[in-house]
Structure formats: C-alpha cells, structure tokens
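Straight from TrEMBL, the features:
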BINDING   B:17-21, B:R107, B:158-162, B:189-194  ATP binding site
DOMAIN    B:14-236  domain 'Phosphagen kinase C-terminal'
2 protein chains.
Amino acid sequence: MVDTWLDEKTSNKIVMSSRIRLARNIEGLPFPHMLQSNEALESLADSVSETFSDYKTLDMRAFNILDKALMVEEFLISPRFLKQGVRLILSEDKHASIMIGEEDHIRIQVVDTSKTLEELYKTASDIDDALEKNVEYAFDTNYGFKTACPTNVGTGLRASVMLHLPALSKNRRIKRVMDALTRMGYTLRGIYGEGSVPLGEMYQLSNQVTLGVDEHTILENLEDIKNQIVAEEEKTRQWFYHNRALTVRDSVFRSYGLLTYAQKMSLEEAAEHLSNIKYGVDMEMLEVENFQFQKWMCVIQHAFIRKRIEDQNLEYTSLEEAENRERAILIKELLGGNE
Amino acid sequence: MVDTWLDEKTSNKIVMSSRIRLARNIEGLPFPHMLQSNEALESLADSVSETFSDYKTLDMRAFNILDKALMVEEFLISPRFLKQGVRLILSEDKHASIMIGEEDHIRIQVVDTSKTLEELYKTASDIDDALEKNVEYAFDTNYGFKTACPTNVGTGLRASVMLHLPALSKNRRIKRVMDALTRMGYTLRGIYGEGSVPLGEMYQLSNQVTLGVDEHTILENLEDIKNQIVAEEEKTRQWFYHNRALTVRDSVFRSYGLLTYAQKMSLEEAAEHLSNIKYGVDMEMLEVENFQFQKWMCVIQHAFIRKRIEDQNLEYTSLEEAENRERAILIKELLGGNE
C-alpha cells in the first residue's frame with residue numbers, strides 16, 4: 001500500500017527510524033528562492049540524474065497536489081519541497097534521495113529504520129562525494145558550506161531520529177524534555193518536521209547547531225542525547241508498569257476497542273489510539289497481528305485517506321466527515337476486519 | 001443473577017416499566033418518624049403478613065447494609081426503607097410489595113415492565129382493600145388519606161413510569177422537558193427516585209399532585225404526559241436517524257467497543273455506554289445477544305459490584321478501583337466474553 005522505505009516490517013521500540021540530511025548549494029547560482037526560473041535547477045537535476053543513473057528521477061511538476069502530499073506523508077519529500085520542489089532523484093530502495101530545489105539547490109537525504117546515524121552519514125557522504133565530482137559547491141573556508149538559511153551553514157548536516165515516546169507523553173514530562181533540549185541546541189518536534197504538531201506520541205529529535213562542530217561530533221552528541229531520552233522513556237514505562245498497570249492496560253485496550261468499532265475517526269484520535277496500541281504491544285500487554293505502527297501512522301494521514309476516497313469515487317457532502325469515516329474503515333481493515 | 005421483578009426478558013423501547021405506590025397510615029398511631037420503638041410497626045407487619053399469607057415476609061434487621069443496598073438497586077425497596085424499614089412483605093413474583101415502616105406505616109408498591117398504570121393500580125387497590133379489612137386507615141373526609149409528608153396527602157398515590165430517553169438526552173432537550181413538567185406538577189428524575197441523578201439516560205416520570213384529584217384522573221393525566229414524552233423521544237430519534245446517522249452509529253459502536261475492551265469502568269460511564277447500546281439495538285443498528293438493558297443497568301450498580309468483590313474475596317487497595325475493574329469484567333461476561 002505504502003510505496004516508501006517504511007514498507008518493511010519492523011518491530012522497533014522507541015527509536016523508530018533515523019535520518020541524515022545534507023544541504024548543498026552550487027557556487028555562483030542564487031539560492032532557490034532568488035531564482036527567476038527553474039531552468040538552472042533543471043539542468044542541475046539533469047547532471048545529478050546522470051551521476052546517479054541507477055536512481056529514479058521524478059519531475060515534481062508531473063504530480064498533482066494530492067500525489068505530492070502523499071509523498072510528504074511517506075517521508076519521501078519535505079512539506080516545503082511539495083510546494084517548490086523541482087526534481088526528486090530517488091534510490092531504488094527509497095532509502096536515499098536527492099531533492100533538487102528545496103530550500104537549498106541540493107538536499108541529500110538518507111533514512112532507515114534500523115541503521116545508525118553514522119552508517120546513514122556514510123551513505124550520505126558517499127552521495128555527496130559523487131555529486132562534488134561534477135558540480136562546484138558554494139563553500140566558505142571559514143564557515144563551511146553556504147546555505148539558504150543561516151541555521152544550516154557550516155556542515156549543512158541535520159541528523160534526526162524518530163522517537164515514539166508514549167510514557168513521557170503520558171506523564172507530561174515531554175514538555176520539560178523539549179525545553180531542556182532547546183536550551184542545548186536540539187529540537188524535539190512533530191514527525192513532519194518544522195512546524196508540525198506531534199501525532200501519535202511520535203517525535204523527531206534533531207540537531208540545531210550545524211556550525212563550528214564537525215560532522216562526527218554532531219552525530220555522537222545526538223546519539224548521546226537520543227540514548228538519554230530512550231533511557232528516560234524506558235524508565236517511565238517501567239514506572240507505569242509497576243505503579244499504574246491497570247490504568248495503562250485499560251487505556252491500551254480502550255484504544256483497541258475504539259479502533260475496532262468506531263465508525264469515524266479524526267487523524268489526531270486515530271494516531272493517539274495507534275500509539276497506545278504500539279505501547280501495549282511493546283509492553284507485551286496485547287498482540288496485534290501484522291501490526292506496523294509507522295506504516296499505519298502513515299496511511300491514516302489526510303492525503304492517503306483522500307486518495308482512497310478519490311479512488312473509490314465516494315460521494316460526500318463534508319470532506320472531513322468522509323475522511324473520518326474512510327479512516328475508520330481503513331483501520332478496521334488493517335486490524336483484520338473485526339466488527 | 002438479579003433476584004427481582006426485572007429478571008425477565010423484555011424488549012421494551014422507551015417505556016421500560018411502570019409503578020404504582022400507595023401511602024397508608026394507621027389511625028391513632030404516630031407516623032414512623034415519631035415512633036419511639038418499632039413494636040407497633042412489627043405487630044402491624046404481623047397482621048399484614050397474616051392477610052397476605054402467600055407473600056414472603058422479610059425482616060429488614062436480618063440484612064446487612066450491602067444486602068439492603070442490593071434490594072434498593074433491584075427496585076425492591078426505596079433508599080429510605082434501607083435506612084429505617086422494618087419489614088418487607090413481598091409477593092412471590094416480586095411485582096407487588098408492602099413496605100412496613102417507610103416514611104408512612106404502609107407503602108404498597110406494584111411494578112411491572114409491561115402492564116399499564118391502570119392495571120397496576122387495580123392490583124394495588126386490591127391489596128389496599130384487603131389490608132383495610134384488618135386495619136383502620138388514618139383518613140380525613142375532607143382531605144383523604146393522611147400521610148407523614150404533606151405531598152402525599154389525599155390519594156396517597158404516586159404513579160411513575162421509567163423512561164429511556166437517549167435522543168432527548170443527547171440533544172439536550174431533556175432539561176427543557178424537565179422544567180416544563182415541574183411547572184405542570186410532574187417530575188422527571190433519576191431512576192432511584194428523589195435526589196437520584198439520572199443514569200444511562202433513564203428517567204422516572206411521576207405525578208407530584210396527590211390532593212384534589214381522583215386516582216383515575218391522576219393515572220390518565222400521567223398516561224397523557226408519558227405519551228407526549230414518548231412521541232417527542234421518537235421524533236427526536238427519527239431526526240437523528242435521518243440527519244446524524246453516522247454520528248449516532250459511531251457513538252453506539254464506540255460504546256460497544258469500550259464495553260468490550262475497557263479494563264475498568266465507572267458506573268456513570270458504563271451506564272452511558274449501555275444506554276448507547278440500548279439505543280443502537282432499538283434503532284436496529286446492532287444486535288447484542290441476550291441484551292437486557294434494565295437488568296444490566298441494575299447489576300453494574302455499586303452494591304452489586306461490591307457483592308461480587310466480597311463473594312470472591314478479592315483483595316484491593318482502593319475500593320473504587322476494584323469496583324471499576326470488577327465492573328469491566330462483569331460487563332465483558334454479560335457481552336459474552338469477547339476479549
């Protein structure tokens with residue numbers, strides 16, 4: 001159903017996936033937001049496609065808005081790329097991609113559910129090296145890579161990990177964790193990045209500082225922070241397990257009951273219940289056949305549901321109501337058609 | 001499980017049951033709250049028991065508080081009778097009872113899920129006549145029967161019907177209906193009578209005026225009012241059915257899901273969901289095997305659940321939590337052991 005790197009069975013707990021992103025720009029070419037036309041970016045894309053001949057090149061103009069929204073929900077492109085992206089050059093397994101015409105000329109992204117940040121950085125770095133053979137990057141010997149937004153100047157590296165933090169969310173410590181991280185130069189935010197609201201107790205942890213530290217230090221520090229958050233989440237899960245067993249069990253099973261029987265459901269509510277079930281599965285309170293948290297979290301999103309409504313030519317008076325109804329139907333299908 | 005007149009399968013819609021109550025007092029004997037000892041009431045009870053030799057006589061002192069609370073929940077005695085009742089003289093089918101030492105010396109009660117108020121009044125009247133052969137009632141030729149509380153003076157008759165009003169409750173018109181009824185000399189209140197909070201969208205409609213109108217007029221008027229409320233409820237159900245079908249269906253199935261999967265549940269919440277299911281069953285949205293709304297509403301009450309906890313010698317730190325857990329378990333049993 002989902003045509004993305006998530007389309008694989010994983011049973012990760014807490015750390016759901018990791019991602020490396022490198023921001024690069026071409027020397028002498030104005031940043032994308034300053035360009036009058038896409039010509040220069042298209043010819044850049046052509047050259048990149050040539051370098052990565054085993055990758056697939058997708059012309060973003062060939063997609064309608066719904067298809068592009070789907071790609072955002074699949075984590076293939078960024079919300080910003082949906083609006084202004086020119087070309088997406090995508091590895092066959094969809095784990096590596098090069099966005100041409102995001103905020104910067106080039107954005108290299110490598111993502112995986114099980115590999116470490118260092119492993120992903122190695123892949124991104126290889127892509128970076130291959131690109132550099134054919135293009136001249138905008139680079140300053142004092143500062144490093146030049147980027148459209150000053151927050152990326154230097155390494156142009158953003159490393160992030162997707163964390164599922166139900167226990168920290170439920171006891172409200174997540175807010176304190178978030179504040180502490182901000183003071184330390186990290187962010188913990190929604191899974192669709194900047195400006196996105198946390199859904200299903202999933203958070204994206206990433207570095208904010210890209211300047212004045214080398215890449216490996218960035219990765220090491222983020223790894224450290226991640227391990228601390230994971231330990232905190234695990235400790236809190238144990239506390240709940242020993243002190244609030246019935247309450248947690250109740251909440252998990254209620255979510256299962258609602259997902260099984262509700263006739264309409266908003267995205268926010270569905271995400272909340274799926275998160276509860278994931279928590280319950282992780283804590284071995286219940287078993288759900290073929291449960292794929294991240295994939296399901298993906299397919300309940302707005303564009304996915306709208307695509308289903310479109311594909312079935314469903315009639316409706318209120319799109320929101322139709323979406324909520326269709327989401328409930330989909331969830332029942334995923335859960336194995338219990339009624 | 002329930003040892004009451006409710007222990008029969010009924011599939012009533014809206015009008016769940018009807019009840020007639022007659023308040024009587026003995027000439028020359030002070031009202032119960034003025035009595036120094038129970039002696040006079042006990043000898044009255046002896047005489048009543050003799051008259052109704054096929055009835056069962058229960059000495060209220062023989063029951064502990066939990067057993068008496070159970071009898072209240074089964075609608076066999078009133079909350080006031082729990083505190084100060086002397087003897088309960090009960091017909092074999094439990095539809096007719098004589099409480100000795102409630103607010104008045106004698107309270108005759110006849111209750112049924114399918115009979116009309118007139119039919120029930122006929123039975124109560126026969127009991128009344130039989131009693132009058134052996135005792136002299138306190139009676140004033142101007143006012144009628146004398147009672148401990150002036151609100152019962154005259155006929156001493158209180159007629160009531162138990163109504164299930166989910167649609168009127170959901171669209172909040174119930175409050176307006178209640179206010180209008182009060183102005184007309186009727187009350188619509190919780191199922192356990194005076195001071196009780198409505199549970200599970202069930203209401204007890206009864207006359208307040210007992211003086212200056214004859215019995216048949218009281219019954220006719222109440223019948224009229226009842227029919228108007230029933231018509232209003234039916235109209236509102238139809239409105240929801242035609243205008244909010246998905247919302248109603250969603251709420252009904254969510255309740256089913258929660259009752260099936262929750263691991264603990266308060267009385268108020270359980271009553272709310274059972275009411276939703278009853279509504280869904282009435283509207284033919286879902287089928288529930290052996291669903292007995294009134295009986296189930298009874299067995300989820302506090303004393304019933306506490307009895308279960310006591311019978312199983314369950315250990316607990318918080319009685320409330322133990323009750324909520326046990327209630328969830330019972331409901332799953334009732335629903336047929338889905339898990």
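Cβ atoms here come from the backbone N, Cα and C positions, even for glycine.
What TrEMBL annotates, mapped onto the structure for a quick look.
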residue	record	DSSP class
B:S17	ATP binding site	strand
B:R158	ATP binding site	strand
B:G190	ATP binding site	coil
Using a 10 Å radius around each Cβ and counting other Cβ atoms from all shown chains, which of the binding-site residues B:G190, B:G193 yields the largest count? B:G193
The most crowded of the binding-site residues B:I20, B:V161, judged by neighbouring Cβ atoms within 10 Å of its own Cβ, is B:I20
